[in-house]
Structure formats: structure tokens, C-alpha cells
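These notes are about the structure you will find just below.
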Amino acid sequence: MASNSNSSESQRIAQQRLRIIAGHLQKHKDGDSGIIATECKAEANKGTVPRKRQEIMKWNGWGYGDSKFLFNNKGQAEFTGKRYRLSGMILPSLQDWFENTFGASVKHKSPATPALNASAVPLPSLNEAFVEDLKATGIPFSHEAEDRVFRAHGHCLHEIFALRQGKKFERVPDMVVWPITQPGDQCEWTWELGLARAPYCHNDVVKLVELACKHNVCLIPYGGGTSVTSALECPPEETRCIVSLDTSQMNRILWIDEKNLVAHVEAGIIGQDLERLLNESGYCTGHEPDSMEFSSLGGWVATRASGMKKNVYGNIEDLVIHIKVVTPRGVMEKSCQGPRMSTGPDIHHFILGSEGTLGVVTEVTMKIRPIPEYQKYGSVVFPNFEAGVSCLREVAKQRCAPASIRLMDNEQFQFGHALKPQVSSIFTNFVEGLKKFYITKFKGFDPHQLVVATLLFEGDRERVLQHEKQVYDIAAKFGGLAAGEDNGQRGYILTFVIAYLRDLGMDYYVVAESFETSAPWDRVLDLCRNVKERINRECKERGVQFQPLTSCRVTQTYDAGACVYFYFAFNYRGLADPVHTYEQVEHAAREEILANGGSLSHHHGVGKLRKEWMKESISNVGVGMLKSVKDYVDPDNIFGNRNLL
């Protein structure tokens, strides 16, 4: 790690500023100092994710080990565990939908390998000098097979399929390290300023990067492990010792500034823990990507993440006030936490979206908001997808979008209906029947064409109700019918369990994946239609025997465009290499997206999966600029995951 030649000058400036601030505080010691922060308790947060992730999470699938979809002995679908609102419920329509949609049968199973074969994992190639120096730091590490394999992948289809089939990874990390605050460690607390310093986690990362530079070791940062871009795969050609730097134990909120409504947080914290801890103090970030249960704050920064409620709270680039990142050149951060600066290009944007290629994000200062006093769900049914998109366009044009608005095409509507839990009330079934009759018979909506938008409003009650009326009035102009709070709420309840369905599909010879893009409003309809047609055509040409499921939804709205998600699944029986077939089809779909004016990615990132299109996406000059930054910040390619470039 390059020494910081300006460290003494930085210390001099810092000391001078502290004296100035202390003088101001002394003058106003009996009044409002202007800086209010909660006390840092300093003990490591007992977060959801343990160091040994395999203790609670699947090693070869999504999410918690005790939570999954299955078809029980009665042939009924259910969702196991107790962690979700859907847990323990029977889903009476799912089996019929599954078998009819994919031509599959619950009698034909393709079970996963029950356990990891540790003997099939390549032996670690350790840099002994690095290991000896690492031992002296007291930073925990492991080179056990399970720990290494768990951090050798994200959640791309080919990665999970390989695990389920017991296939050998070409390359896995040689060891895992955990920057961690030991129990009882205390933050350095500066009462005069109301600020806290975390001496261990950040400093551990500094030590690790210094040692990696000293011994020419490759570091790959690992946050929540939810990547779907091959970003966590180890480059097979890498001959150096590869160390996975797991940030999961860097999980504290260091301080909350209630006057400026910001929080200073360690970057390894996962979304659900961040919200839980902030909620205890009456605050939230409002940043809720679909992966928020397991994805980390540092990962959000590294991928330029987006959350479903960005209309109120913003995307991650809107929420971030300050980033501290450890690079091979030293620690990079701004000297001021003002809301905006005109000091050349924003250095934060070198880190936002850098995907672990420049360094490790250790701490982030981000905006927070008081927990909204009122929340209300809603839904609207439209006669067709075109009407729904036109409505969302008008909502965006009038800048009255609720916290979240999602438009599902008909295929997703049918899918969502199949996930409806069994109800015990005859009256409830009767009411649902009346609604269906009213929409399809009285209003004339074709059940094979209609689409549904789900809505989520947040804020003070009066404003929410006004906002709700405005959105429903716009929807009515495009033939939309209010479909009730329950349907809207159910759509959002399903958000965190949808990912578990891919594992169910693979149990019965069905592979599935999602991918996303963003596009200008005038390209959305053509893009959706053409991509779905291209997927169907490619599947047929490549020998997929049964009609694939291709569906899409518009998940985010902007002034000038929208984010679109595609879902794609097919029955792979009869295919020699289903993963290769899938990747060929997805590659064609991505080319179709780009040809129709869509972006390479809206929020998943590039990783290694999509980097072949980077020059097309940002130009040769743009790629050259990124390479120049990489060459300066990391001349020896210590952060060698080889994403983006």
C-alpha cells in the first residue's frame, strides 16, 4: 500500500480545524452546539449474518436454510419456515400453474447434491509470508473448504446450478478474512464533537490492504454475496493467492446525527439489520432493493444500487453523503460532508459502481428519514400493458409517483395469482369471485391481456390520501380500475420470497433467471415486446421443447424513462447443457435490449457477465478513462476480481 506523503500535512490541518471547532463549542457550551449525535455503543452488532454463513443460509441456493418452496405429500405447494408472512401457508394454485406453464411434472425431480464435497474443492494456494503477517494482526481468517466455496460465487444461474450438480469450481478463494470488532472493543468517542471513530474494522481493512500490497496478494471484497453478474467469481487465470475480504462483521451504526438527518455506518451491514437498528431510533433509509435482506451497504455503493421506494428516498447515489474507501494508494474520502460540492468531478462517483475493482468501502455517511407515520398499499387493473405503461408515463410526467409503483404484465399477473395463499373464509372467496366477475364480464377485461400495477404510498396521512386520489384519477384516464389494498400488499409481501422459487424450479428441471435494464419512455413498449419475442425465438432455435415463460414488469419510473425487469424460465429436459443454452438465450436478449435503446444495466451492475458490452455502452474513451483510474489507484491489480474492464 503506497504511503500517504501528505499524512503529516493532513494531520496538521485536522488539528487546526479541531481547535477552531472546539473554540466555537466553548463559546456555546450552554446553548445548542449544532451537532447532535447518538452515542456509539461500540460493540459489534449481533447481526443476522454470522461469520459461518452456512450455519443459517443455503450453501447451494437462495436465502435461509429453513425457508423454501416445496410440493408436499398431498401435492400442494407450501412455503416452509417461520421468517416470512407467507411461511407455513398453502398455495393451492401453484402446482397447476407450474405444470401447465412449463410442461413439467412434480413426479419428475432433479434433486440437488445434498452436501458440499469438501474433497472436491481445490486445495488453498497460500502465500505463507502473508499468512504469518496476518496472524500478527489478530484479524480472523479461515481456509476451510466450506468458507472458501461460500464466497466463490454469487447467485447467477450457472453458479447455483454448478453447486447443485456438485460440479467443481475452476477457482475459489484461497482464504477468507473478516475485519471485525472484538466483543468489548470501544469506539474512540469525542464528546466535544459528538462523533465516534471506529478504530478496529476500518483499521483492519487498512492493515489487510497494506499486507496484500506487500505480498502481492489478490483481494476480492465480499459483502452480501447476492451478485447476479459473476462479480464474485475468482478469475481462473489468477495465479496469486486470492483472499476473500468478508465485510459482514463490519456491521455497526457508528453514529446518528439527528440535526442533519444522517447516519455514519460501517459498510458491511446488510439491509435488514440497517433498517432494524435505525427503526429502533425512529429512522429509516427507505432504500429497499429486492435483495435488502442479504445485500450490504458497501455492495449497494459498489453496484450503484436502486431500491423500490426510490421515488421518495432516492437511489443509493442520492442517499450517500460521504464514503470512506481503502485503496492500494491509501484511504480516499472527502474532507467535508456538505450536501453538495463544486470541486471538480465528484470522487464518490469513481467508487459508486466500481464493483470492488478499486478498493474496499469501509464506512458510509448516508441520509436518513423519520419513519413515515402512514403507509398504504393499492393496486390498479388495466385492460392491457400499453394502457398501464401510458399511465405510469403520465404519473412520472406529473411527478406524482408514489413511493413505489410497479406494473406487471399479464404473465406476471397469472404467476402472482398462482402464489395466492389458501383462504379459509367462504366470504373472502365470494368477494374475490365478484371482483373477478366485475372486471372480466362487466368491464370486459380479457383475463389473458389485463395487467396490474401495485402501489405503495408513504408519508403523513393527509398527504398520502391526496396523493392516492391523484394517482387513481390518472389511472382512470387510461382505463384503470382500482383493485384494492390487499392485492397491492400481497404483491409487496412476495418481494422477498420470489427468489426462493428458482430453487423450486430447479428441483423439477426448470431453470429461471431475471435481468434488468432502463430505457427512455418512447422505447419501453417496443423493448418489452421485442425482447420477449427474441427469447421465444432463440429458445425454439436451440431445442427448448416447451414454451418458455417470458415476462416483464416496469419497476421504476423517472422523468425520462423507466426500469424494466425481465423474467425468463424454461423446462430443460432433453437439453444436453441447459446452462449453456440459457446463457446463449440471455446473451441474445441483452443484445436485443441494447438494440432497442436499453441500458446495459439499471442497478445489477456489469461484473464479468456483461463487460463485453462496456465499450458499446460508454465508448472507447469512457472505458479508457476507467482504466486510467484503475491503473493509478491500483497499479498492481491487488483488487483483481476483473469486473467491468
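Just so you know, glycine gets a Cβ as well, placed from its N, Cα and C.
Small disclaimer: the values here were computed from a predicted structure and weren't measured.
Marked as domain 'FAD-binding PCMH-type' by TrEMBL: 182-371. Residues annotated as FAD binding site in TrEMBL: 221-227, 303-306, 355-361. The site 'Important for enzyme activity' annotation in TrEMBL covers Arg406. Residues or ranges marked as substrate binding site by TrEMBL: Arg502. What TrEMBL records for Tyr565 is active site, proton donor/acceptor.
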- request: According to DSSP, folded down to helix, strand and coil, what is Gly356 (FAD binding site)?
  value: coil
- prompt: For Gly224 (FAD binding site), what is the tally of other C-beta atoms lying within 10 angstroms of its C-beta?
  reply: 24
Task: Inside 10 Å of the Cβ of Ala305 (FAD binding site), count up the other Cβ atoms and send me the figure.
output: 27
Field: Of the recorded positions listed as Arg406, Arg502, Tyr565, the one whose CA lies nearest the CA of Gly356 (FAD binding site)
entry: Tyr565
Query: Expressed to the nearest Å, what is the distance separating Arg406 (site 'Important for enzyme activity') and the residue listed as 'active site, proton donor/acceptor' at their Cα atoms?
result: 10
Message: I need the CA-to-CA distance for Tyr565 (active site, proton donor/acceptor) versus Arg502 (substrate binding site), whole Å please.
response: 16
Query: Around Arg406 (site 'Important for enzyme activity'), how many other C-beta atoms are within 10 angstroms of its C-beta?
result: 24
- prompt: Taking every residue in the domain 'FAD-binding PCMH-type' (182-371), what is their average pLDDT?
  reply: 92
Task: Translate the DSSP assignment of the residue listed as 'substrate binding site' into the three-state scheme.
output: helix
Nearest-integer angstrom distance between the alpha carbons (Cα) of Gly224 (FAD binding site) and Arg502 (substrate binding site): 19
Message: If I restrict to non-local contacts, at least six residues apart, and a C-beta distance under 8 angstroms, what lies near Gly359 (FAD binding site) in its own chain?
response: Val209, Val325, Val326, Thr327, Pro328, Met332, Ile351, Val633, Asp634, Phe639
Recorded positions listed as Pro221, Ser227, Tyr565, least Cβ neighbours within 10 Å: Tyr565
Task: Look at the binding-site residues Gly356, Arg502 and tell me which residue has the greatest number of other C-beta atoms within 10 angstroms of its C-beta.
output: Gly356
Query: What's the CA-CA gap between the residue listed as 'substrate binding site' and Ser227 (FAD binding site) in angstrom, rounded?
result: 15
